[in-house]
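As written in TrEMBL, here are the features:
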- K127, Q190, G222, D253, K396: UTP binding site (BINDING)
- H223: substrate binding site (BINDING)
Amino acid sequence: MGMDHKELNRGGLNAGMTEFQEKLRQQHENSMHQELEKLLSTTKGVEAENSRKDFEGFKHLFHRFLQVKGPSVDWAKINRPPEDSIQPYERIHAKGLPEAIAASLNKLAVVKLNGGLGTSMGCKGPKSLISVRNENTFLDLTVQQIEHLNKTYSADVPLVLMNSFNTDEDTKKILQKYTHHRVKIHTFNQSRYPRINKESLLPVATNMGLIGENGEAWYPPGHGDIYTSFCNSGLLDKLLSEGKEYIFVSNIDNLGATVDLHILNHLMSQPADKRCEFVMEVTDKTRADVKGGTLIQYDNKLRLLEIAQVPKAHVDEFKSVTKFKIFNTNNLWISLPAIKRLHEQNTLDMEIIVNPKTLDGGLNVIQLETAVGAAIKCFDNALGINVPRSRFLPVKTTSDLLLVMSNLYSLEAGSLTMSEKREFPTTPHVKLGSSFTKVQDFLRRFESIPDMLELDHLTVSGDVTFGKQVALKGTVIIIANHGDRIDIPAGAMLENKIVSGNLRILDH
């Protein structure tokens with residue numbers, strides 16, 4: 001049976017198109033490689049060697065970026081994960097702990113993702129150096145937690161920080177203050193990749209330097225870069241040689257991400273042939289978490305689905321709390337031998353996140369990133385554990401900061417726990433307006449942090465200040481219109497109140 005000439009033509013046209021696209025891809029790739037070589041020629045020695053390693057990773061990512069078009073999932077193939085692939089934390093907790101939990105601790109290293117700056121909160125330098133509670137920074141609290149573990153169980157759990165070129169220098173300076181603490185601290189750097197011009201798909205950098213306009217030309221490529229950087233740094237082999245088997249990875253700004261002995265015990269008590277190589281802690285979605293990545297079953301593997309991978313037509317479905325009930329906390333437990341194996345086999349495959357940015361001068365660039373949790377599909381016997389919300393306490397904004405500084409939480413050995421005096425375990429919903437965005441403005445507006453034990457919801461907008469020892473209960477909404485100012489007087493108790501207009505209290 002013959003094809004009519006229209007179909008033949010269309011076939012020829014499609015083949016022509018793909019050939020043309022292939023040539024175009026080839027051209028983009030060749031130009032990119034030439035530009036990268038030019039950049040490398042502006043540096044020498046160890047820096048050149050490190051940059052060459054970074055660029056190898058970048059070329060691999062760029063190659064994949066040119067191949068892939070459109071959302072990376074076929075919506076019809078998405079299934080809910082099978083029952084046993086996401087375990088409730090209670091089931092794991094119910095097993096209790098063996099006498100020899102210290103032996104398990106000695107096989108663990110804690111990795112904190114420390115690549116981010118405090119810019120979104122108006123702070124210079126690494127975010128981990130912002131004070132969050134009683135003058136303690138994120139880093140202080142982390143060190144205190146691990147030191148407490150090591151002392152309590154006579155264990156040797158090291159802390160590993162994954163820094164970026166943005167945070168490395170400042171972090172290393174501060175690390176000297178922990179020399180007499182009972183915790184070994186190692187650092188390694190994630191890669192430095194070139195931002196690319198959205199139109200030409202070429203690097204915007206003119207040399208390998210980080211100063212002046214060129215400073216904007218580089219970026220750390222997301223936390224999915226941990227696998228390659230960790231292996232390249234030699235630290236992975238060092239930890240393996242010291243008998244470490246698992247790493248517990250989390251964001252340094254998640255104050256709920258403490259070492260959980262029950263999860264560690266669950267990992268260590270599996271039979272050797274059924275060893276779980278990857279655990280992702282997930283927790284129930286609330287309305288505030290609609291954008292968080294979720295676990296799905298896809299091609300018979302557990303897989304992380306991020307909002308960026310969802311076809312436009314299905315974004316609302318993705319955000320629904322009914323179909324996708326849980327989200328990734330980015331608290332992950334990963335087998336070190338498995339990372340080494342997958343790295344050597346070059347089979348770590350993570351979806352590319354294309355992150356568009358606009359530079360100060362108005363130039364549109366894209367940066368190619370990957371997420372650490374996306375590799376879950378490459379590991380054997382991967383598991384989700386549905387943990388209590390208390391293990392997810394990220395501080396992304398000053399609204400979050402207000403919660404963790406308040407009497408809602410008590411601090412013990414670097415760990416924050418919800419106060420027993422709070423009658424219900426849910427965290428209040430706090431929305432502070434733009435006058436509170438920067439940490440120094442935020443601190444200036446509170447003479448002391450209000451009593452929030454009985455608060456459900458707080459919204460503050462406009463020029464508002466709080467005197468000493470204010471108590472907030474139920475739902476409190478304070479709105480100062482443009483040009484007005486509201487001073488909440490010292491000792492005031494606001495319960496289910498809306499305050500608006502103008503309230504100035506002046507010294508007489």
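Numbers here mean position along the shown chain, with the first residue as 1.
Glycine residues also receive a Cβ, built from the backbone N, Cα and C atoms like all the rest.
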Worksheet item: If you measure every Cα to Cα distance among K127, Q190, G222, D253, K396, the residues said to bind UTP, what is the biggest one in Å?
Response: 21
Practice prompt. Tell me the Cβ contacts of K127 (UTP binding site) under 8 Å, same chain only and six or more apart in sequence, or just say none.
Written response: G116, L117, G118, M121, F138, T167, I252, D253
Worksheet item: Sequence gap of 6 or more, C-beta under 8 Å: which same-chain residues meet both conditions with respect to H223 (substrate binding site)?
Response: L113, G115, M162, Q190, N251, N330, T370, A371, V372
Practice prompt. List the residues of the same chain that sit at least 6 positions away from K396 (UTP binding site) in sequence and have their Cβ under 8 Å from its Cβ, in sequence order, or write 'none'.
Written response: S120, D253
Worksheet item: Taking the Cβ of Q190 (UTP binding site) as centre, how many other Cβ atoms lie within 10 Å?
Response: 28
